[in-house]
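Structure first, commentary second.
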Amino acid sequence: MSRNFISASLPEVAYILYYAQEKYFNHVRQFANLELDKYINDPVFQFFKAYGTLHLGQIQDAILQLENARKCHSDVSLCCLLALIYAHKICENVDRDAVLELENKLKETRKTAGINALYYAGMFLWLMGKNDKANEYIDRMLKLSNGSREGLMLKGWVCCMSDKQHAIKKSIKYLDEGIQDTTDIFGMMGKARYFMMQQNYSGALEVVNQIIVNFSGFIPAFILKMRLFLAQQDWEQTLETALRILSKDGTNIDGLQASIVNELSRTGNLNAALFQLRDFIHSLETKEPQNADLHLRKILVVSRLCGKNQQILQLIYGFIERSYTKFKSSDACFANELGYQLILQGKWKDASVWYRRAMELDESSVDALTGIIWCQVLEGKLDEAEHQLEFLKEVQQSIGKSAVLVYLQAVIASKKNKNEPVATALLNEAAELHFSALHGLPLSMEYYEKLNPMFLIEIVKEYLVFCPKQPRSPGQIVSPFLKQAAIILNPVIKAAPGMLAPLYLMAQVKYLSGELENAQGTLQRCLDLDPTSADVHLLMAQIYLSQGNFRECSHSLELGVSHNFQVRDYPLYHFIKARALNKVGDYPEAIKILKMIISLPYMKKGESKKILGTSITTSERVSIYLELAEALRLNGELHEATKIMQDAIHEVSGTPEEIRITVANVDLALSKGEVEIALSMLRNITPSQPYYTEVKEKMAQIYLQIRKDKRLYIGCYCELCEQLPSPHTSLLLGDAYMNIQEPDKAVEVYEAAQRKNPLDATLARKIGQAYVKTHQYSKAINYYEVALKMSKQDFLCHDLAELLLKLKKFNKAERVLNQAMEHDSVNDLPSMMKDVKSLLLLAKVYKNNKKEEAMGTLNKACDIQLRILKRIPLEQPELIPSQKQLTSLICVQFAEQYLIEKDYVQAVKWYKDALCYTQTDSKVLLQLARLYLAQGDIESCEHHCALLLQDDNCNEIATMMMADLMFRKQKYEQAINLYQNVLDKAPDNFSVMERLIDLLRRSGKLDKATYFFEMAKKKSTRALLEPGYNYCKGLYCWHMGQPNQALKYFNKARKDSDWGQRAINNMIQICLNPDNEIIGGEVFESLNAEDSNLKEKRESEQHGIRTAEKLLKEFYPHSQEGQNQMKMLQNCCLLVTKDKIHVEKALSVFVEMAQYERESVPAILAMAQAYMILKQTPKARTQLKRLAKANWTLSDAEELEKSWMLLSDIYCKSGKYDLATEQLKRCLQYNKSCSKAYEYMGFIMEKEQAYKDAAINYELAWKYSNQANPAVGFKLAFNYLKDKKYVEAIEVCHDVLKICPSYPKIREEILEKAQAALKP
């Protein structure tokens, strides 16, 4: 190559070549001019200037420039000649002689052409799209130059842009050989383009990043990078790169286009898009002022994504019209596009004018004729349109079918011929044809343009004409047209989640499919985009109505009106309002509204329906009549209801909707008790008529619910199967057998259906569930395993895993789930969601048999779920609520795992994370409140309780927790009032009563509990028989020191499923310790040792232990906590025997339990008690000191009090009365009626000879033991005697002797002395 050779490797030339490829011809000319300022009269830049001028339509100027360039240097002689020939041929009047002369010169020059001349000639031909010719020149050039790098790279580009697959594969070889170890910008751009065409976007990005590192100002590399991110569907990085481009060049056409498309397709911000569109149009008009083709090409994508926004469409229309008028283009595509723009604006007559102009420009334009037909269809001229279509059908055979033409055929078949099968088949074909144009295209501006969401929306609207107008009931088959509509809308919503129209239609489809929650999720996204959309609010109201949420239904209607007062003119608004009133029982108001709707002009046949929102279909008209008839029937106006039904039949006679009236008449007959008339009406419906399946189901319900005849009930479904054999009717028959508790016959039906449809996974699932219901678990497992091998459906795998988990076959469940996840890495949302479900089930399995692996499995599930959450707002916005709920559930599982490990900090963190996804989840709020309470964070707990109190469903639990908080703050009255408020409304709420009794005891007001028992008895005469009442009464008696009475009441609750286990637990504790002694305590042992009835007491203790052991056999734990409780009770039976061998055996179990759960208060207390019985006081003290540091919690309250008192006992025994007092005060802080604590306090005062203070404490101990413990009475009387309160001493002595006439020493040592002291 000569020294002055200007290679494409130079950034300046690379810029020009990039813009030439992109058809930015003014950019080409401008860059060439800039370089000519530096390299005056350079032939290469002169050639490129001429190339740009030529393509901008300035042919004569281009010819002059090319002649000058050709004369300058032989390097550009060939390419200039080729360009001159092309220029002359596209002139309006072709100079044949000049062309012939140039062609001869070309032949001569080609013979002696040098390397450079061949190179530029090849480059020109490549830019013109003549790849085969280009290859001839480049191959010759490579031969002469012995494989020059520049030639190889150009060869690589030519092959890359070829339409032949084998050539494209070779291109990378040429590019690599040409680039070698250099950073050649032209070669690297070619390499990036090759990778992009091969859909190796990461490889392409790597190359583009290298270019940007070496040439940081090279904007085409950034544009390519932006397109690569978009192809990867990474909009965040796409937008970021677009902003970088605009920071370098604020009027960059591609950067502005990407920014607008982002606003339209992703964020849905139409105002921002409109603002940016003005800049975009200005940029096109100033940077490429004469490039009309580019104007049209760049603006199309905006019009396709603007969702018929009139301001945007008018701006685009004006821009295209200006370009068309200014350059007087003879290309019919401009006129065709202007026609389509007017169709989008709803100006069909004006659109027709443009299409006719297009026909004038090009008589063979199929698009123009299609547009004319479309306008005729929209104007209702169906006969003319059909006639034109017949002509076009012939043309289609030669040029191939058009999606728009097939769609128009479908509309005519639907509107004119009312032919559903033909219309829907044509709609299917139209959708397939439309999507075939997108095959193999990555996400790009071209993809968005060809996707044309507004056209697909028109197809979906036509499908909805044939869909049911009411949401699918559970068990009903989903309309295939709804499924097809969803299939069409899914790619639109995935690519353009910011467009309101497809989202709204998808919400409609989900609503009619019975997927109400998904529909709500999609509508919420619609409201995020446009909170003023009346249609969205009305559909949301319909969903709330279907869910029975009348308050929210009314709220949605009000919102719709507040945003658009015209909504009050919509019949749908009034109809929803009337239905809601009907549901809540306000029949007169509902009747008034419905009669008003019926009186409106557009309710009559043939009336004009031009007002927005007032269009009424036959189906909707029938629904209004039926709702009115139902309201009249429920209001007792049966005669009026019958009259309305007759009017309805008159209105819709001869239409498929007539059957709906018949079915409604059946309900009317049934309300009159005319069962036989109702059945005879239903019998008249034949299998060929619509709604036959629904009619048979109605008959079946009458036979089952009114006639109570199971045989005739099943007969209806058998007949349905005979008349309309299908998998759906077989499923209905199987389900019917399940309803009447005949699962064996259901299995037979399901299996017969499956033999005809062996790959139907739904049937397989039904069979598996039927086996489970009949407790044939082995058969169910075998069946699921066989079905899995046949269909590989993940839900079958999950059903099987859940069954194995239920049966505690953990290893097998683990194997099944691991098999389900044995696949390559997946990136599609459905597969990722299935993996999350599998991992969550696996975590449940590991929780039972491999606890150390549970956390790792949850982590994997969480990682995938977070990726799903990031993508669903764009791809499947209707799933946002359910997926957020699932993410919250994963966070809760983490929190529960940390709770088991007693890591409260991490548990709080994960519960808080859960609330980020479900802010109002009452279960999570409750758990957080409990955790804060356990940690002593009173303020946080109170805050969460306040949130819970706003939820009616959690009011009771929140009230109970708030009461606990008030108790901790020593606000006893407030705590009691909170419980009392609940019991005033529901005196038989025994769960609350149980907590109130405990609270009254702890606040020292247990005597007030009798009022609440009386309230419960007043509420119901059966209260005395209620297990809950008897349990609470037993609790009260136990705390009042009446163990025998307590046992009697607990015994009445013992057999109940809710209260039984708690009652048995309490009975066992009473049997083991009837006098509520401190087990292991030594301070009061000496007094007991002096008891003359010691033998009798021992026998009583043995009897108690035997009774406890019998009761233990009835204790059936249903949880791990219950099993721990049972283990504890079993070993407590051994402990109270005080037999060394038994105690040591119990101790070993307690130690094991404490090691397994380090902070288990019951286990640590039991260890300490065992050590005390074994006279190993130091070991006991060590354990008790651990509990002395523990935070008080309601769940561990009893055990903590016992531990603090046992520690006090040890301190008293060793004379450390100040330490003992500290622990006792702590007991009394949380339990004002702890008689044992007062007794210990009295003992300490007595030892310190403070008899007055001792008497005060013993008096409280005597009071709170309900004067049932003679030992306390004795001590009180003794301290009264010492304090010289003789009268009080005498009274107490008499009280003791009443309950225990033979109580030792009290008569001689206290009573007689007190009496003697009173004698003068």
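In case you wondered, yes, glycine gets a Cβ from its N, Cα and C as well.
What TrEMBL records for this protein:
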DOMAIN    16-238  domain 'Tetratricopeptide repeat protein 21A/21B N-terminal ARM repeat'
DOMAIN    276-548  domain 'Tetratricopeptide repeat protein 21A/21B second ARM'
DOMAIN    763-915  domain 'Tetratricopeptide repeat protein 21A/21B fourth ARM'
DOMAIN    956-1072  domain 'Tetratricopeptide repeat protein 21A/21B fifth ARM repeats'
DOMAIN    1107-1315  domain 'Tetratricopeptide repeat protein 21A/21B C-terminal ARM'
REPEAT    727-760  repeat 'TPR'
REPEAT    761-794  repeat 'TPR'
REPEAT    956-989  repeat 'TPR'
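The highest tally of CB pairs under 8 A with the domain 'Tetratricopeptide repeat protein 21A/21B N-terminal ARM repeat' (16-238), across 276-548, 763-915, 956-1072, 1107-1315, is held by 276-548. Here the domain 'Tetratricopeptide repeat protein 21A/21B fifth ARM repeats' (956-1072) does not touch the domain 'Tetratricopeptide repeat protein 21A/21B fourth ARM' (763-915). Their Cβ atoms form fewer than 3 pairs under 8 Å, with each pair 6 or more residues apart.
Sequence-distant contacts of the repeat 'TPR' (727-760) (same chain, at least 6 residues past either end, Cβ-Cβ under 8 Å): 475, 477, 693, 697, 700, 704, 710, 713-714, 717-718, 720-721, 766-767, 770-771, 773-774, 790-791. Taken together, the residues in the repeat 'TPR' (727-760) have a mean pLDDT of 76 on the 0 to 100 scale. Secondary structure of the domain 'Tetratricopeptide repeat protein 21A/21B fifth ARM repeats' (956-1072) per DSSP (helix as H, G, I; strand as E, B; remaining residues coil): 94 helix, 0 strand, 23 coil. Summarised by DSSP class, the composition of the repeat 'TPR' (727-760) is 27 helix, 0 strand, 7 coil.
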